[in-house]
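Have a look at the structure below, then the notes.
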Amino acid sequence: MAFAFGKKLWCVRKQLIIILTPFLLLPLIFALPAKEGKCLYVVLLMAVFWCTEALPLAVTALLPICLFPTLGVLPSKLVCPQYFLETNFLFLSGLVMASAIEEWNLHRRIALRVLKIVGVKPAWLVLGMMVTSSFLSMWLSNTATTAMMLPIANAILESLFGDLQTLKENCKLNREEEGLSPVKLQALTSEKEILTVEDRPDMRQKPEGQTLEEIRTESEYQLKVWKGFMICIPYAASIGGTATLTGTAPNLILAGQLKSYFPDCDVINFGSWFVFGFPLMLLFLVLGWIWISFLYGGLNTRLCVQKQDRRAEAEKQAKAIIDDDYKKLGSMKFSEGAILFFFILFAVLLFTRDPKFFQGWSVFFPKGYVSDAVTGVAIVSILFFFPSQKPSLKWWIDWHSPNTEYVPLLSWKKAQDCVPWNIILLLGGGFAMAKACEAKHGQVNPLYFMVPATVSCSFAFMLPVSTPPNSIAFASGHLLVKDMVKTGFVMNILGVLTVSLAINTWGAHIFSLSTIPEWAHLLNTSDSVTDLHNLTQLLDSTVKTSQNFSTFSFL
């Protein structure tokens with residue numbers, strides 16, 4: 001009876017959370033000063049709904065629109081605009097550009113080209129996977145990058161080591177002993193077709209002349225390398241997203257909250273963030289590569305010494321597969337070249353608008369009129385009318401040519417299908433919470449705490465649920481929780497150390513952290529916020545909000 005009742009409760013758990021949580025949090029309204037208590041009540045309520053997904057994530061993000069005005073925290077005219085700040089349009093332009101890149105398979109050409117360059121030795125392949133994943137995630141979503149790269153890695157690994165199930169049997173392991181997820185990688189993403197070893201002849205050599213012990217030892221090594229491949233891709237995607245302002249949601253949340261708290265702050269933009277984030281990304285990527293290669297058997301004498309053995313044969317087969325798939329792409333088409341041109345123009349214009357260490361092109365416009373959002377929207381708007389086929393004068397004079405309408409580089413339907421519009425609402429919900437949590441300034445540059453807190457939210461490596469890329473890699477069925485904990489624990493430590501180094505060296509110079517800027521003194525200190533304790537409240541809000549989005553967003 002009790003068991004049956006428990007099952008029924010489980011079936012209605014979301015409804016119970018929605019009904020009970022508001023009542024359980026009510027004491028906060030009466031235990032704290034009026035506005036602070038009500039603000040905390042809404043923040044915690046949204047946190048519970050987000051973590052349990054009792055309501056759809058985007059619907060939870062809309063709660064500030066109705067709760068803040070009705071509780072007397074903020075009027076609706078201040079809450080609603082937070083959902084369409086200029087930061088949201090910068091984010092939107094990045095997503096539209098990413099959808100155009102995916103439409104014409106430019107990302108796949110980049111990935112295969114990098115793999116051809118780095119070679120097929122395990123350590124170099126891991127480096128190639130990490131470099132490619134991190135670069136793509138600077139512009140695409142972290143989730144999309146991981147979903148694209150995992151099938152590529154899977155095909156290469158099958159050419160190197162053969163079937164995974166056979167490999168586990170050789171290690172005297174099976175799925176029940178390993179406790180692996182039964183979910184297949186091929187079921188995770190529609191991109192499974194982009195690279196496959198199906199319909200290719202099986203060129204793998206059977207291990208003739210080997211003892212059972214040699215087969216077992218070799219299979220254990222190969223299984224370790226396989227796990228290293230699977231785990232390096234989501235980690236690199238998370239690391240790469242920190243290099244650009246549009247690379248991941250916490251970065252955009254930081255930019256939006258700065259605009260809300262400090263309207264006169266113009267320190268954080270695409271260029272200045274890139275100068276800070278790109279070296280940090282490179283440093284952490286190298287450290288992560290060394291650790292993953294060391295842990296999973298990629299660092300050995302084969303890294304630099306050429307040997308002729310079974311592994312060398314498998315490496316040749318993997319190289320042949322990469323070369324074959326790259327050749328199938330053919331020469332670069334006009335549409336790919338056009339997308340590449342606009343992609344480079346997009347990045348260059350964002351970077352040079354106002355990079356702080358030299359005078360950008362924004363000086364040709366009235367101060368404060370042109371932002372990164374203006375640049376991004378201007379470039380991606382061109383994609384909707386620029387032709388995907390090379391224009392021809394012959395078509396105009398040849399009356400027998402087919403009169404077909406030209407196809408632009410990107411259609412609005414494609415953009416609608418590819419852009420995760422719910423993320424716009426999620427960002428807006430975060431900005432609305434930040435607006436309600438405004439605080440007085442402290443005696444320190446706010447960026448000294450806000451920047452490390454933002455970057456650290458992307459450096460969550462220990463658990464499958466930490467980030468969407470981690471979840472995708474774990475769902476492939478090749479990784480255990482203990483694999484992620486073992487690898488991610490050291491990665492987390494390396495992340496803390498690299499962020500601390502960056503913010504106290506080149507970050508201090510780029511953002512002028514040794515001084516308290518004038519814009520930090522221009523906070524709204526009206527009665528609605530003067531009773532808040534200090535800037536720590538603001539920083540806590542930044543961290544909590546960013547952690548929510550780093551779990552549920554792209555990038």
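Placement of Cβ uses the backbone N, Cα and C atoms for every residue, glycine included.
Keep in mind that this is a model prediction, so the values were computed, not measured.
Features of the protein shown, as given by TrEMBL:
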{"type": "TRANSMEM", "residues": "41-71", "note": "transmembrane segment"}
{"type": "TRANSMEM", "residues": "83-101", "note": "transmembrane segment"}
{"type": "TRANSMEM", "residues": "121-140", "note": "transmembrane segment"}
{"type": "TRANSMEM", "residues": "267-292", "note": "transmembrane segment"}
{"type": "TRANSMEM", "residues": "334-352", "note": "transmembrane segment"}
{"type": "TRANSMEM", "residues": "364-386", "note": "transmembrane segment"}
{"type": "TRANSMEM", "residues": "487-506", "note": "transmembrane segment"}
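Listed by sequence, the residues of this chain that lie at least six past the ends of the transmembrane segment (83-101) yet keep a Cβ under 8 A from its Cβ atoms are 65, 107, 139-141, 144, 245-246, 252, 255-256, 259-260, 270, 339, 342-343, 346, 371-373, 376-377, 379-380, 383, 409-410, 414-415, 418-420, 423-425, 427-429, 431-432. Beyond its flanks by at least six residues, the transmembrane segment (41-71) meets 14-15, 17-18, 21-22, 25-26, 28-29, 79-80, 82-83, 422, 425-426, 428-430, 432-433, 436-437, 541, 544, 548, 552 of its own chain at Cβ-Cβ distances under 8 Å. Distant neighbours of the transmembrane segment (487-506): 231, 235, 275-276, 279-280, 283-284, 287-288, 291-292, 295, 448, 451-452, 455-456, 459-463, 466, 513; these residues of the same chain sit at least 6 beyond its ends, with a Cβ under 8 Å from one of its Cβ atoms. Among residues of the same chain six or more beyond the transmembrane segment (121-140), those with a C-beta under 8 A of the stretch's C-beta atoms are 94, 97-98, 101-102, 107, 110-111, 114-115, 146, 148-149, 153, 156, 160, 225, 228-229, 232-233, 235-241, 243-244, 246-248, 281, 285, 288-289, 292-293, 296-300, 302-303, 315, 318, 343, 347, 555.
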